[in-house]
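*Asks:* Dumping what Swiss-Prot says about this protein:
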| type | residues | note |
| --- | --- | --- |
| BINDING | Ala80, Thr81, Asn160, Gln188, Ser208, Gly209, His210, Thr248 | pyridoxal 5'-phosphate binding site |
| MOD_RES | Lys211 | N6-(pyridoxal phosphate)lysine |
| BINDING | Cys334 | [2Fe-2S] cluster binding site |
| ACT_SITE | Cys334 | active site, cysteine persulfide intermediate |
Amino acid sequence: MNQQLKNLTLPIYMDYQSTTPIDPRVMEAMLPYFTTKFGNPHSRSHSFGWEAENAVENARSMVAKVIGADSKEIIFTSGATESNNLVIKGIAKFYGNKKKHIITLVSEHKCVLNACRHLEQEGIKITYLPIKSNGIIDLETLKNAITDQTLLVSVMAVNNEIGVIQPLKEIGKICRERNVFFHSDIAQGFGKIPINVNECNIDLASISGHKIYGPKGIGALYIRKKPRVRVTPLINGGGQERGMRSGTLPTPLIVGLGIASEIAYNEMEKDTQHVNYLFDRFLNNIHSKISEVYLNGDKDQRYKGNLNLSFAGVEGESIILAIKDLAVSSGSACTSASLEPSYVLRSIGISEELAHTSIRFGIGRFTTEQEIDYAVNLVCSKIDKLRRLSPLWEMMQEGVDLKKIRWTAH
């Protein structure tokens, strides 16, 4: 391992689901809009404004191209959390006097679940569908859940914790046949897997800049124009972004999102091959060195930049402390301050004990083969050490069912 350290910079970043480093090409494109090209894109009476507006519209076209949309269907927001809130609350407010039922999954991102809980207090009925043990939606369950009161189905493209890819085309087909709007939080899939809003019959889609090597604080929302989808805005003001999201647009951030989208679109195949190769290398080497390691979520129907692994017989928190040279997560960054086991892992039927042992490893554009090999060796040596110290691991090896043990207080 000492030999490996010579050309490595520690700690190694492996938390690509929580955020990504900004691509140098993105930063280079943004810089002029912080300095000389500082105009307000809404100022129509001089060249500074025209220049900024032109940059914003170019970025809008780049974002639209990635998902096969029209640029007029893209509005800029501060990120996917705002986009999700605008969809769920905005659509319920606009159509709520006609339909009062929304369907989502128990494994959605916290911002979707909490927006839905907010609506429940306002009289909207929410159905939280269970998922199968591989993390994928059961389409028959979805069909049976839709009623004549159903307004919206909200299902994310790629799960942020376990990386599974939901069958968007099939979901979209069901929604279109039943005359229900289909929203997808595509933040973890945008620019990483092919998503075409027309082929998938997606009516609304949430996008984040910092998940695709772009800047933080910028995102987008795709809103279908034909057939037209309406939302009531969350923010009132000057009526920017087709009246749906008022406020002066942050030109440098939008330029960054546009360039990041263009790079992701042009290099998707290359990035996918790179990530898939490193995923297989990491997983195969881990399995060859230590036992009782479980991949959470479907192995094939997933974005392979996400490796969520459970290591039986040890605590996730102790693993993170032991492998401090790796920047990893024990769950969604939005909830990792909590010592509760991941609600996503619990929703796929994983026991509380095993859920507590899970670590999410993220692989991305800038991850190297050398980093993967170092990570594998570090993880395996530390897991082996922690297991040798663990009485629980010893009991498991002796065939003791930990669930049946009755612990007594002293």
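Residue positions begin at 1 at the first shown residue.
Any Cβ shown, glycine's included, is placed from N, Cα and C.
What you see is a predicted model, and the numbers here were worked out from it, not measured in a lab.
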*Asks:* Of all the binding-site residues given, Thr81, Gln188, Ser208, Thr248, which residue's CB has the most CB neighbours within 10 A?
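*Replies:* Neighbour-count leader: Ser208.
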*Asks:* Given the binding-site residues Ala80, Gly209, which one is most crowded in terms of C-beta atoms within 10 angstroms?
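*Replies:* Per the Cβ count within 10 Å, the most buried is Gly209.
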*Asks:* Just checking, which of His210, Lys211 (recorded positions) has the fewest C-beta atoms within 10 Å of its C-beta?
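*Replies:* Looking at the recorded positions His210, Lys211, the Cβ with the fewest others within 10 Å is that of His210.
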*Asks:* What does DSSP say about Gln188 (pyridoxal 5'-phosphate binding site): helix, strand or coil?
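*Replies:* Where Gln188 (pyridoxal 5'-phosphate binding site) sits, the three-state DSSP reduction gives coil.
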*Asks:* For pyridoxal 5'-phosphate, with binders Ala80, Thr81, Asn160, Gln188, Ser208, Gly209, His210, Thr248, what's the maximum Cα separation in whole Å?
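*Replies:* With Ala80, Thr81, Asn160, Gln188, Ser208, Gly209, His210, Thr248 as the binding residues for pyridoxal 5'-phosphate, the largest Cα distance is 30 Å.
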*Asks:* How big is the Cα-to-Cα gap, in Å, between Thr248 (pyridoxal 5'-phosphate binding site) and the residue listed as 'N6-(pyridoxal phosphate)lysine'?
*Replies:* 23
*Asks:* What count of other C-beta atoms do you get within 10 angstroms of the C-beta of Asn160 (pyridoxal 5'-phosphate binding site), across all chains shown?
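*Replies:* Total other Cβ atoms inside 10 Å, all chains included: 25.
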*Asks:* Please report the DSSP secondary structure of Ala80 (pyridoxal 5'-phosphate binding site), reduced to three states.
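*Replies:* Where Ala80 (pyridoxal 5'-phosphate binding site) sits, the three-state DSSP reduction gives helix.
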